[in-house]
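Undergrad: The Mg(2+) binding site annotation in TrEMBL covers Glu68, Asp133, Ile135, Asp136, Asp298.
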Amino acid sequence: MAYEKELQVAQLAVARAAILTKAVFHEKAKGTVSKDDKSPVTIGDFGAQALIIAAIKHNFPSDEVVGEEEASSLREQKDLSSTIWNLVKDVKLDDPESDALLGGPIRSEAEMLDIIDMGNSAGGNKGRIWALDPIDGTKGFLRGGQYAVCLALIVDGDVKVGVLGCPNLPIDDREPLTEDMGAAASDAEGKGVLFSAVLGQGATSQPLTRRGASTDSTGVRPIHVSKISDVSEAVMCESVEPGHSSKGDNALIAEKLGITRKPVQMDSQAKYGSVARGAGDLYLRLPVRKDYIEKIWDHAAGDLIVREAGGQVTDVAGNRLNFGLGRTLTENKGVIAAPANVHAQVLKAVQEVLNSK
Ligand SMILES: Nc1ncnc2c1ncn2[C@@H]1O[C@H](COP(=O)(O)O)[C@@H](OP(=O)(O)O)[C@H]1O
Ligand SMILES: [Mg+2]
Ligand SMILES: [Mg+2]
Ligand SMILES: [Mg+2]
């Protein structure tokens, strides 16, 4: 099968990074720093980025990585850097064979900082480029909501492999979404799912932890978007953060489609995963600020997983997301993810609402 090793490395790397993010999730002090754009980053984001890039570079040394974070602030803040190093140096998968496949531990704090900075690829439509969001939904992570560890392989501009680790989503694909899913989330028993897809090979889910050769069964299940035929019965997913997508537009679109259920708000690409497994039906992300350009790491894995599960993902103009233009989705505005059979109907409602403004 194509991309077998890439998928295996991506799944194990995300699972290993999630061990670290789960530890930080339970800490009160998450080492939060404010970035230049005022958005937060934590020791969890930096640590997860280091672990995942180390695994990619060990297996595929000439591949590039477009990673969200960079180490410059850590080089100026020694305390923060050593706190992260203390977390990173001890993280291991249960299974020694899987751990060895990822190249074993990072050797030093200095090496860790250099590895974080290997996520500086400019992206583009040539060659093999991994898009990495070590913690997507950092605000949710800080609030105690949903978050996701996201990794995708883009080859010549096309997403070939996508993996999403969602520590706070239910393992069970059939568990319905609840309105408060985004709030007071936990990674207790029954939680933690890993979504994966390879282009042309479908999408799957499996438990995020207890993985590796020592487990009897990895519990891999194929996933599919919902079989919804009447869009008025749809469960719509949207961001928690009001600054990230327009809740007002979503309400107008829902009204146009006859949807009466309140939208489910949750942080991160957990929304793509939820639509891909049919727990939610639609994911709408309509811009609040005209000048905001979406980042490739916020969408690459989710886009492939939803499409491989039978969904369609476009921007508000109805175009596919273009991951080959650099670190951002410069040609796209907004995102509409829906089962293929209702996508056109939803897109029409979106355009009517946007055109009437
Ligand atoms: N004005 C804006 N519009 C849309 N997305 C934004 C935004 N400002 C930040 N984001 C992105 O929204 C992501 C979270 O999405 P969501 O609201 O679905 O949880 C953030 O990812 P990080 O948390 O990885 O930084 C960030 O990249
Ligand atoms: Mg961020
Ligand atoms: Mg993100
Ligand atoms: Mg992030």
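Each Cβ is built from the backbone N, Cα and C atoms, and glycine gets one as well.
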Undergrad: Tell me which of the binding-site residues Glu68, Asp133, Asp136, Asp298 sits in the most Cβ-dense spot, judged by other Cβ atoms within 10 Å.
TA: Asp133
Undergrad: Where does Ile135 (Mg(2+) binding site) sit by DSSP, helix, strand or coil?
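TA: Note: Ile135 (Mg(2+) binding site) is in a strand by DSSP.
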Undergrad: Output: those binding-site residues from Asp133, Ile135, Asp136, Asp298 whose CB lies less than 6 Å from an atom of ligand 4, in sequence order; none if no residue fits.
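TA: Checked binding-site residues vs ligand 4; flagged Asp133, Ile135, Asp136.
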Undergrad: Among Asp133, Ile135, Asp136, Asp298, which binding-site residues lie by ligand 3, judged by Cβ under 6 Å to any atom?
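TA: Close enough to ligand 3 are Asp133, Asp136, Asp298.
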Undergrad: If you count Cβ atoms within 10 Å of the Cβ of Ile135 (Mg(2+) binding site), leaving out that atom itself, what do you get?
TA: 32
Undergrad: To test your reading of the Mg(2+) site: which residues beyond Glu68, Asp133, Ile135, Asp136, Asp298, same chain only, put their Cβ within 8 Å of the Cβ centroid of those residues?
TA: Asp45, Leu132, Pro134, Gly137, Thr138, Ala148, Cys150, Ser268, Gln269, Lys295, Trp297
